[in-house]
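Trainee: Pasting the relevant annotations from TrEMBL:
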type	residues	note
COMPBIAS	840-854	compositional bias 'Acidic residues'
DOMAIN	665-799	domain 'U3 small nucleolar RNA-associated protein 13 C-terminal'
REGION	839-933	region 'Disordered'
REPEAT	64-105	repeat 'WD'
REPEAT	107-140	repeat 'WD'
REPEAT	193-234	repeat 'WD'
REPEAT	383-425	repeat 'WD'
REPEAT	430-472	repeat 'WD'
REPEAT	486-520	repeat 'WD'
REPEAT	528-569	repeat 'WD'
REPEAT	570-611	repeat 'WD'
REPEAT	612-644	repeat 'WD'
Amino acid sequence: MGASTIDLKFNLKENFAVETKYQAFYTGGHVQVTHDGDHMFCACGTKVQIVSVETGKVVKTIGTDESSDELTSFVVSNDDKILVTAGRSGLLRQWDWRTGTIMRTWKSIHVGPVACMTFDPTSTLLATGGSDSTIKVWDIIKQYCTHNLRGAQGVFSIVHFHPNISRLQMIGAADDYKIHVWDLNTSRQLAVLEGHCSVVTSLSFTSDGNKMISSGRDKVVLLWDMTSFQSLKTIPVYESVESVILVPEDRRLCQIGVTTDNIFFISAGEKGILQVWNAQSGQLVHKQESCLVASSGANLPEGSLIMQATYNVKLNTISVVTYEHNIVFFRLDDFSLIKQFVGYNDDILDIKFFGAEDTHLAVATNSSNIKVYKLDTFSCQLLKGHMDIVLALDVFPKDPYMMASSSKDNCVRIWKMDSDSGEITCVFSGCGHTHAVGTISCSKLSMKFVVSGSQDTTLKVWNIPTSKHLTNQSNHPETLSALFTEHAHDKDINSVVVAPNDKLIATGSQDKTAKIWNLSGLSLLGVLRGHRRGVWCVVFSPVDQVLATSSADGTIKIWSLTDFTCVMTFEGHDSSVLKVTFLSRGMQLLSSSSDGNVKLWTIKVNECVKTLDEHTDKVWALTASSNEAFIATGGADSNIILWKDVTEQDKEEARKKEESLILQEQKLTNLIQQKKWTKALSLAITLEQPFRALNIVKEILTETRGREDLENVISQMREDQLGVLLRFSVTWNTNSKHCGAAQTVISVILKSYSAEELLEFPEMKENVQSLLPYTERHFQRMNRLFQQATFLDYMWQCMKLGEEKSLSTVATRNGSEDNTNLPEEGFVIDHLKSSVVPELNEDEDDSEETEDEKQIENIKPLSFSKQGSQKEPIKKFSKAKPINGNNFSQKHYSGKKANNLKRKASVKSCQLKAKSQVKKRVNKKSSYSKFKT
């Protein structure tokens with residue numbers, strides 16, 4: 001039992017790290033694929049994202065999010081070397097996109113932003129079409145404006161150089177619905193091509209440049225003779241066309257109807273499909289079978305479903321940009337799908353791992369299509385079937401190739417993935433709810449049923465037919481029937497979940513309650529009340545008989561299924577908790593909230609172990625892989641983040657780091673014992689141990705040639721090490737105990753390098769600013785110490801002078817060498833005021849002492865407090881009246897006990913010294929001359 005507990009504790013998760021972050025790389029505007037087919041340039045707000053066509057990952061970002069200059073247009077040169085961007089401010093920027101550096105910035109001179117741009121075939125001339133009805137041509141090499149072309153009216157929608165550079169012609173179309181042709185040799189307008197009654201959206205030239213095809217939103221395509229500037233044919237295409245692509249003249253593509261030498265073109269636009277037309281006959285020869293971007297009957301926006309289509313010769317593909325910001329690549333030969341990329345996901349509403357070994361990720365966004373990503377390449381497959389926004393997803397644990405979805409179209413659908421090809425088809429569909437179906441849950445032990453909850457407050461159990469029907473590959477899925485329907489709550493049902501044993505169902509609603517239902521007949525077993533706001537999510541524990549609920553009140557509650565009482569509440573989120581799930585065999589919880597945080601909880605101790613804060617908006621979607629090695633999150637910031645469990649890696653790194661630290665500590669100790677100061681100090685700096693470095697510096701300074709050794713050690717250190725040492729010195733300098741070592745190190749460094757070399761040290765300015773105030777404080781303290789030391793020396797000299805003068809006076813008065821006239825044993829020479837002081841007898845009260853003795857005892861060695869400030873200065877000696885003979889003045893000897901033996905020894909010493917000097921008959925004159933000297 002104990003071993004099992006330890007094992008479970010060891011398996012608890014502690015940290016998750018970002019493995020992959022799939023962000024928006026296209027938010028609308030122009031998309032251009034390089035001629036070599038390796039990269040794709042996409043407009044994304046103020047940036048240009050460069051995406052690898054092979055992997056679908058962003059490899060380079062041009063521009064920053066902080067820039068306030070919104071991107072209006074960009075173009076890549078025909079040699080794929082130069083990128084030019086235009087901002088709303090009117091500035092043009094020329095980039096070396098491979099290095100991400102700006103080569104040149106200049107003003108466009110347009111009155112207003114630049115709407116479109118193009119390069120000539122030689123990549124030396126750049127044309128910019130502005131919103132001021134003019135086209136300007138720029139010489140990129142010589143860096144000046146060569147032409148300013150006028151004549152059109154309105155904002156330019158397209159500009160194009162004639163493919164035959166020898167003609168030097170510029171073609172442009174603006175809001176006046178006309179196509180204008182200019183001669184660049186004379187800057188004059190050659191012709192105005194009239195025929196469209198709407199904005200011209202695309203121009204395409206034949207290989208010889210003699211014919212041109214134009215398209216517009218007036219649902220017609222025109223064929224032009226560019227020699228006579230006459231219209232040859234008007235072809236009705238019955239849809240607003242955004243792009244036309246001329247089929248290469250040397251290709252015979254039988255699968256799409258290109259079998260003759262006639263001119264064929266491909267149109268793309270409002271219908272969302274590619275169509276092939278014969279330009280000479282005006283007949284439709286081939287049409288794509290199904291819509292690329294949406295299901296028939298789905299709620300679609302007004303306007304074209306395809307925003308742009310371009311052909312890449314190297315890849316032999318047509319890249320299509322849809323209104324949902326998806327980029328789809330088709331093979332030219334048969335219009336077969338090659339790959340899809342999702343440029344922008346909008347709000348991510350739900351997310352689930354899908355397929356065997358969790359190789360795919362199914363995502364529900366603000367779209368009627370379900371997006372299924374392949375995790376290794378992040379290429380996307382769009383599942384079309386729902387007619388409105390998909391709200392919820394769930395995968396059958398018994399069969400990871402089956403998935404259920406619910407939508408605002410009041411329907412649920414069952415999807416099946418082919419294990420070999422990876423193609424996903426809809427096999428079942430069920431409609432019966434009267435409002436949007438906001439949540440769905442699959443059976444955990446079988447594939448016999450799904451449960452759905454709707455905004456119509458009803459709960460439905462749907463029966464799934466037997467497995468033999470799952471092989472249905474037709475375009476018309478079979479119909480699901482509802483086994484049970486129950487009015488479950490008073491308000492919208494936000495969440496529904498099936499128990500691990502397939503016997504219970506739990507629901508959570510906006511009416512602040514969660515309910516437990518028996519699957520057989522949908523009978524109500526219990527109501528869970530306690531949340532103060534609506535319940536967003538409910539989930540069963542995989543092990544224990546408990547249910548976890550999350551609510552808009554910011555709490556997570558765990559409920560017992562035996563008596564339906566709340567057994568634990570988790571508080572820590574600052575806003576609504578939108579999703580919650582169990583981890584680690586039911587011992588941990590993972591939750592997401594509307595503030596963008598994802599929290600990992602340990603249930604036993606009721607505490608948050610880790611907070612993951614990569615998202616910047618509501619985290620609607622949260623799921624864990626089958627082995628819990630990965631979790632996926634998605635939110636309103638349109639980011640999909642794949643997290644990896646790095647608990648074991650963190651523990652291993654911590655263990656290795658600790659072992660390395662122990663080895664280095666031992667090595668440092670050995671180096672100090674061996675007095676290898678250079679290596680020892682360098683290692684202490686590497687380990688970021690300022691105290692050990694301080695001790696090493698002090699050890700060096702205690703040596704006989706300490707200063708020279710320190711200079712030698714510092715001279716062998718690198719600049720980065722010296723920078724760290726200076727930073728350490730700043731710390732040492734704040735303490736008066738260590739300021740000596742710090743000032744010595746600073747002195748050596750400042751004297752060893754010039755000012756120019758010192759400025760190159762890292763953080764030198766900050767270090768100097770930190771050193772100055774404490775260094776000045778230490779300097780002032782040393783000045784005060786020096787003054788006090790000088791004053792002490794002066795007092796000592798005065799004491800010596802007074803003693804000699806007193807002795808000379810006594811000798812002169814007696815006039816002989818007879819010792820009988822010497823002062824009695826009870827008196828000593830007062831070395832402060834030349835007065836005789838009676839000796840303190842052993843029998844007298846030891847507590848009595850003179851005021852002078854108090855003052856003498858106050859003379860102590862100077863000391864400093866921990867903050868480096870000086871203690872109170874030495875008190876001045878007060879004047880004492882002479883003490884004559886036996887008339888002992890009690891005024892000066894107050895009667896306090898003198899228990900200090902040191903004071904008695906000092907008095908005795910003075911007596912002996914006085915006797916000795918009297919015997920030697922010290923001359924007063926010689927005493928004065930000695931003092932003067």
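Our numbering is plain: 1 for the first residue shown, then up by one each step along the chain.
Just so it is clear, glycine is given a Cβ too, placed from its N, Cα and C backbone atoms.
Heads up, TrEMBL stuff is auto-annotated, nobody curated it.
Burial and contacts for the listed features, if you can.
Mentor: Within its own chain, the repeat 'WD' (64-105) has Cβ neighbours under 8 Å at 29-30, 32, 34-36, 41, 43, 45-48, 50, 112-123, 126, 128, 138, 140, 143, counting only residues six or more beyond its boundaries.
Packing against the repeat 'WD' (107-140) from elsewhere in the chain are residues 72-79, 81-82, 84, 86-88, 90-92, 94, 146-150, 152-161, 163, 165, 170, 172, 174, 182, 184: each is 6 or more residues past its ends and has a CB under 8 Å from a CB in it.
Counting same-chain residues at least six beyond the ends of the repeat 'WD' (193-234), those with a Cβ under 8 angstroms from any Cβ of the stretch are 157-158, 160, 162-164, 167, 171, 173, 175, 177-181, 240-246, 248-249, 263, 265, 267, 269, 277, 279-280, 282.
Sorting each residue of the repeat 'WD' (383-425) by its DSSP state yields 0 helix, 22 strand, 21 coil.
Residues of the same chain lying 6 or more positions beyond the ends of the repeat 'WD' (430-472) and with a Cβ under 8 Å from any Cβ of it are 388, 391-399, 402, 404-414, 416, 478-502, 505, 507, 509, 517, 519, 522.
Outside the repeat 'WD' (486-520) by six or more residues, the chain places 438-446, 451-455, 457-461, 526-529, 531-540, 542, 547, 549, 551, 559, 561, 564 with a CB less than 8 A from a CB of the stretch.
Listed by sequence, the residues of this chain that lie at least six past the ends of the repeat 'WD' (528-569) yet keep a Cβ under 8 A from its Cβ atoms are 491, 494-500, 504, 506-516, 575-582, 585-586, 589, 591, 593, 601, 603, 606.
In terms of DSSP helix, strand and coil, the repeat 'WD' (570-611) has 0 helix, 25 strand, 17 coil.
For the repeat 'WD' (612-644), DSSP puts the residue distribution at 0 helix, 15 strand, 18 coil.
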Trainee: Provide the three-state DSSP residue tally for the repeat 'WD' (64-105): helix first, then strand, then coil.
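Mentor: Its residues fall into 0 helix, 22 strand, 20 coil.
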Trainee: Looking only at the domain 'U3 small nucleolar RNA-associated protein 13 C-terminal' (665-799), what is the mean pLDDT?
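Mentor: Averaging the confidence scores along the domain 'U3 small nucleolar RNA-associated protein 13 C-terminal' (665-799) gives 85.
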Trainee: Sort out the residues at least 6 away from either end of the repeat 'WD' (612-644), same chain, that have Cβ-Cβ distances under 8 Å to it, and list them.
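Mentor: Contacts of the repeat 'WD' (612-644) (Cβ under 8 Å, skipping residues fewer than 6 from its ends): 13, 16-24, 344-353, 358, 361, 363-365, 373, 375, 397, 400, 578-581, 583-584, 590-600.
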Trainee: Give the residue counts of the repeat 'WD' (193-234) per reduced DSSP state, in the order helix, strand, coil.
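Mentor: Computed counts for the repeat 'WD' (193-234) are 0 helix, 24 strand, 18 coil.
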Trainee: Which sequence-distant residues neighbour the repeat 'WD' (570-611)? Criterion: at least 6 residues beyond either end, Cβ under 8 Å.
Mentor: 8, 11-16, 533, 536-537, 539-544, 546, 548-558, 617-624, 628, 631, 633, 635, 637
